Amino acid sequence: TTSSEQGHQNLEAMKAGMFLRKVKSRTWKRQRHYKLQEDCKTIAYKSSWAINSYSTFSISDVEAVRAGHQSEALLSVADEFPADRCFTLVFRGRRGNLDLVAESTKEAQAWIQGIGALMENMENMDESTKLDQWISDWFSKADLNKDGRINFKEAKKLLKMMNVDMNEEHASSLFKMADKSKSETLEDQEFVEFYKMLTERAEVLDLFQDYSSDGQSLSQCDLEEFLREEQLEGEGSYEHALQLIDRYEPSDTARMNHMMSVDGFLMYLTSPEGSIFNPERQDLFQDMSQPLAHYYISSSHNTYLMEDQLKGPSSVEAYIQALKRGCRCVEVDCWNGSNGEPVVYHGHTLTSKILLKDVITTIANYAFKASEYPLIVSIENHCSIEQQEVMARYFRDILGDMLLTNTADSSELPSPERKILLKGKKFENESENPTGEVSDEDEAAEMNKDSPKLQQNLCKELSDLIFCKSVHFHSFEHSRTSAKPNEMSSFSESKARKYSKEAGSDFVLHNTRQLTRVYPSGMRTDSSNYCPVDMWNMGCQIVALNFQTAGMEMDLNDGLFTQNGCSGYILKPEILCKRERLFNPEKRDDYHPLLFYVISGQQLPKVKQKAWFIVDPLVRVEIFGVPLDQAKQETKHIDNNGFNPLWNETLQFTIHTPELALVRFVVEDYDKASRNDFIGQYTIPFTSIQPGYRHVHLLSKDGTSIHPSSIYVHIKITEQ
């Protein structure tokens, strides 16, 4: 059969639905009925015993399909179910994987190829199709009897679910206009039109009319003027105006005449080019040839843990998730395991154990999927000499050429290149017998302060593979006179804070030459995080966070590392790399007033998935950076409108050290009785902000897109 025929057969088989076995572990394997809905965008599933209550997930939530035994759960049942019947769906964000086993190879193939093809269709959609898609997704949720139409009452209910609160008469007259077939019901496409009429944006129309010569459209010259005056684009605005018309104008006639309608203008404003993030900083734009100590490096703490630090599961999935998010420093805690096999877990706790060889294999497979730049593997080694020999063999055999072992005494750490660097304890030179001194970096030792420090011997094979040598930190003076470039120390967050208070400028100077790793305090057994900005201000490169824990700290990490091609490496500002002039954040005279005119919000998601709650949103803008710049301000809240709240408020800040500032936009649902609920956020380095009229595309708590939710702002940065 031809591939298009095959594709059609796959979809038909998925629409007919079939029983697949959902696997959670060796002992938990249950039949579920899965079927693709008519819209070809949603998959519904239910337990065999549930009569009609299907749950659903959208194809757009799926990030990847892995065929075969590519997850711990499926590996655990490999002897029972052959690989060609098994597959794994990986979701965006922190949602767990779905491991499935089909009855036959043919059925497994239908799902693997079918979902793959549907994902590809989703990827290739342009913005306007995506919006229509989003609206029809909601439509099919509301169309309970599946006859492809909804009446006014159902439409009202649906709009409430979409967080739209509207004036009844207004909505009713628009409903009649959209009901072209005069059937008192709307079909899918009619509903899309109805929704668009209802959501016409007056604030965008006003701006459009300010620049339109005829009030109907923007000529290429009108648009050029807008780009120069408001978006501060300067040179090349005339050519850029034409590119924008070609790219975003939906009407062929307008496009041919080099004109832009209000629809095209809105398309541009909500596109990536109209977003707050400067596209020139999206891809790799920094000099990548400097020594490693000159970069911030995206770093994870106890990478193997999925949840808390005391009793939760360890998993190779945690490494996959961190590496896919652009993390470039992962941690491996090695302990003696049974049958001579070293294991990875959080020592002296009840966290589960995984095999070191599985961890190294996973690292080898995913090390360079998201970034071409070095991956540092931080080893905490608690193994006997025998098991250390096994460790060395695995690192050598599994990582092969990827491993950077040439530790010829260079006067500088290498600049970033596609290699894996191991960090851990290492002999000074060949003859020496290492002392049993446990460097501070040994968190297990720090947590058990009372246990005697054991003499630990190191095996030569492992020592030879280590590139970054962990050393005990004595003093800044000692490091300045005797530290080698490949030596690095680790500090707990409290130690790092103490040094930044007592000897800030020495710490900054130390970090121009040496790598410093900071890790969360041992008290954070719930895997909470500390604020990384205080450590970045000191020039610390490896600021390790618990990647599995969503929240402000990971938002800041994601915000810093979304620039420069998501490579996990960001060049530190010059003030933190210069060895002569000491950086003192309090002493600068130049400063930048920053104005955010927060105009409106669009299609904010529900907080509580209850149909009767409409949110009361407010926007808070938070500045993180040097102590002088830290600030936050918020708008007032708008009652009952998650759909198109208008704030029209100005928030004003003064930034003294822009190269260290991050700006975080948070939207919350106001609650006078208890804490406000989180709706969405977006974090961006100050230096990546585009001025002018911009959309801020909100992300969920997990850092995934919640398209089409956004806030619309006008940004002015003036230099004093």
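Each residue, glycine too, has its Cβ placed from N, Cα and C.
The domain 'EF-hand' feature in TrEMBL is assigned to 130-165, 166-201. Residues or ranges marked as O-linked glycosylation site by TrEMBL: Ser181. Annotation comment: TrEMBL describes His301, His346 as active site. Among the features that TrEMBL reports, substrate binding site is placed at Lys423, Lys425, Ser490, Arg517. The feature region 'Disordered' is assigned by TrEMBL to 424-450. Among the features that TrEMBL reports, domain 'PI-PLC Y-box' is placed at 465-576. The Ca(2+) 4 binding site annotation in TrEMBL covers Ile614, Asp616, Asn640. For Asp669, Tyr670, Asp671, the entry in TrEMBL reads Ca(2+) 5 binding site.
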>> Quick check for the class: what is the C-alpha distance, in angstrom and rounded, between Asp669 (Ca(2+) 5 binding site) and Ser181 (O-linked glycosylation site)?
In response: 39
> Which ones, of the recorded positions Ser181, His346, Lys423, Ser490, Asp616, have a Cα no more than 10 Å from the Cα of Asp671 (Ca(2+) 5 binding site)?
Replying inline: Asp616
> What is the interatomic distance between the Cα atoms of Lys423 (substrate binding site) and Asp616 (Ca(2+) 4 binding site), given in whole Å?
Replying inline: 49
> If you measure Asn640 (Ca(2+) 4 binding site) to Tyr670 (Ca(2+) 5 binding site) at Cα, how many Å is it?
Replying inline: 10
> Taking Cα-Cα distance, which of the recorded positions Ser181, His346, Lys425, Ser490, Arg517, Asp616 are within 10 Å of Tyr670 (Ca(2+) 5 binding site)?
Replying inline: Asp616
> Ser181, Ser490, Asn640: which of these recorded positions has the highest Cβ count within 10 Å of its own Cβ?
Replying inline: Ser490
> If we check Cα distances from Ser490 (substrate binding site), which of the recorded positions Ser181, His346, Asp616 wins as closest?
Replying inline: His346
> Nearest to His301 (active site) in three-dimensional space, by Cα, is which of the binding-site residues Lys425, Arg517, Ile614, Asp616?
Replying inline: Arg517
>> Can you give me the average pLDDT across the domain 'PI-PLC Y-box' (465-576), rounded to a whole number?
In response: 95
> Which value in Å gives the longest Cα to Cα span across the substrate site residues Lys423, Lys425, Ser490, Arg517 as recorded?
Replying inline: 14
>> At a 10 Å cut-off from the C-beta of Tyr670 (Ca(2+) 5 binding site), count the other C-beta atoms across all protein chains.
In response: 15
> What are the DSSP helix, strand and coil residue counts for the domain 'PI-PLC Y-box' (465-576)?
Replying inline: 50 helix, 21 strand, 41 coil
